[in-house]
C-alpha cells in the first residue's frame with residue numbers, strides 16, 4: 001500500500017556551518033576548538049569542506065530544482081562573535097543575511113540552529129558549557145541573532161546536546177578528547193539545557209516573531225534479551241544518558257525520579273556529582289511548555305546487555321565493519337551481533353526505532369507540540385559513475401524510504417510530525433570520518449567543488465511532488 005505524507009510536509013535537507021561552509025579563517029571568523037583538534041590529531045581539516053560559504057547559491061538553486069523546500073542551516077557563533085562575546089564581526093552578519101535572502105528567493109525555508117558543535121575556541125578552552133559563563137555568553141549571542149535576523153522564522157538553540165557531552169567527555173572523539181567522565185557528561189547536558197531554556201524564555205518574553213525549539217539526537221535503546229533484567233536495566237541506563245535526561249529537562253522542567261536514580265547510580269559507580277541549583281530548576285520549569293517544536297535526529301538504535309567491568313569504547317572511524325566496541329562501567333555494553341542490517345560504520349539500520357522514539361515522545365511528553373525529523377540519512381562510501389556523472393545510491397533511497405514509511409505510520413497513529421530533513425543536502429565534511437563518509441543528495445567533488453545530483457536526488461524530487469512514498 002502506498003503511504004502518503006501531509007500536503008504541508010517539509011521535505012528538507014540539512015547542513016551545518018562547520019561541516020559545509022569551509023572558509024574557517026575567512027572574513028574575520030574566529031577559531032573553534034575543532035580547528036586545532038583536527039590539525040593536531042587528524043589527516044584532514046574542515047577546509048574547504050563543501051565551500052558553502054561561497055557556493056550556497058548553487059546548493060539553493062539545486063534545492064529548488066529538486067523539490068527541497070526546507071534547509072537546516074547553522075550560524076557559526078565565531079563568525080558573528082570571533083571570541084564568543086564582545087566585538088561583532090560585521091562580515092559574518094552580512095554573510096548570513098545574504099544566505100537567508102537566497103533561501104527565500106529559492107523558496108527554501110531556513111531552519112536555523114545557533115550552535116552545532118562549534119563553540120568558539122576562546123570559550124571552549126575555558127571549559128565550554130561546563131563553565132557557566134558560557135551559558136551567559138550563549139544567551140547574549142542568541143539574543144543578538146533573534147534581533148538581527150527577523151527574516152528567520154524557525155530557530156533551534158542547540159544541535160544534539162547529548163552527542164556533545166558524549167563526544168567530548170565519554171567517547172573522547174570530540175575536543176577536548178576526555179573519556180569516561182560521567183560527571184562532565186551529565187553536567188554538560190544539564191548546563192546546555194539551562195542555556196536552551198534561558199534562550200527560549202527570552203525569545204518568548206521579548207515576543208520575537210517565529211518559532212523556537214531544540215534538536216535532540218534520540219537513538220533508541222533496546223535490551224538484547226527483553227526477558228533478562230540485567231539487559232533491561234542496561235537499556236534503561238543507556239537511555240537516560242542519551243535521551244531521557246535531556247528530554248526530561250526539555251519537557252518536564254526537572255528530572256524524574258527514575259532519571260535521577262539512574263544518574264546517581266552511574267555516578268556512584270564511576271565517581272562524581274552533579275551540581276544543579278534551584279535557579280536552574282526554575283528556568284527549566286518556566287521554559288518547559290514554550291518549545292514550539294522538537295527536532296529529532298535519528299540514525300540508529302542500539303541493543304544493550306548487562307555488563308560488569310571497566311569502560312572501553314572503540315570508535316569505528318574508518319568504515320571497516322565490525323570495528324566497534326562499546327561498554328560502560330555501571331551501565332552496560334552494546335551488542336553488535338543482532339539480526340539487523342548495519343552500515344560500514346556499525347550503525348544499526350532500524351526504522352522501527354524511529355517510530356518507537358516518536359511515539360515515546362508523544363506518550364511521555366505530551367507538551368511536545370510538534371516534531372520535525374531534523375536529521376536522518378545513510379553514510380556511505382559513494383561510488384561516482386564517471387560516465388553518467390551521478391551516484392547510483394539505491395541503498396540510500398531504500399534507507400530514506402523505510403524511515404519515511406514509519407514516519408507516515410506515526411502520523412497515522414496520532415503523532416504531529418511536520419517535516420523531514422535528510423542529512424545531508426550535499427556531501428559535507430564528517431567530524432570523525434573526514435571526507436570518506438558521504439550522505440548528500442548532491443555529490444560534491446571535493447577537488448573541484450562541482451555538484452552532481454545523485455539518483456536519490458531524483459527520487460526525492462518525485463517524492464516531494466507526489467508526497468507518496470513509493
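Any Cβ shown, glycine's included, is placed from N, Cα and C.
Listed in Swiss-Prot for this protein:
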- 19, 116, 159, 160, 297, 430, 431, 437, 439: D-galactose 6-phosphate binding site (BINDING)
- 160: active site, proton donor (ACT_SITE)
- 375: active site, nucleophile (ACT_SITE)
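By the criterion of other Cβ atoms within 10 Å of the residue's own Cβ, the least surrounded of the binding-site residues 19, 159, 297 is 297.
Taking a C-beta cut-off of under 8 angstroms and a sequence separation of 6 or more, residue 375 (active site, nucleophile) has the following same-chain neighbours: 14, 72, 215, 217, 295, 297, 298, 299, 421, 423. Annotation: 439 carries the greatest number of neighbouring Cβ atoms among the binding-site residues 431, 439 [cut-off 10 Å, Cβ to Cβ]. Residue 160 (active site, proton donor) and residue 439 (D-galactose 6-phosphate binding site) have their C-alpha atoms 18 Å apart, to the nearest angstrom.
The binding residues for D-galactose 6-phosphate are recorded as 19, 116, 159, 160, 297, 430, 431, 437, 439; their greatest pairwise CA distance is 20 Å. Residue environment of residue 160 (active site, proton donor) contains 25 other Cβ atoms, counted within 10 Å of its Cβ in all protein chains.
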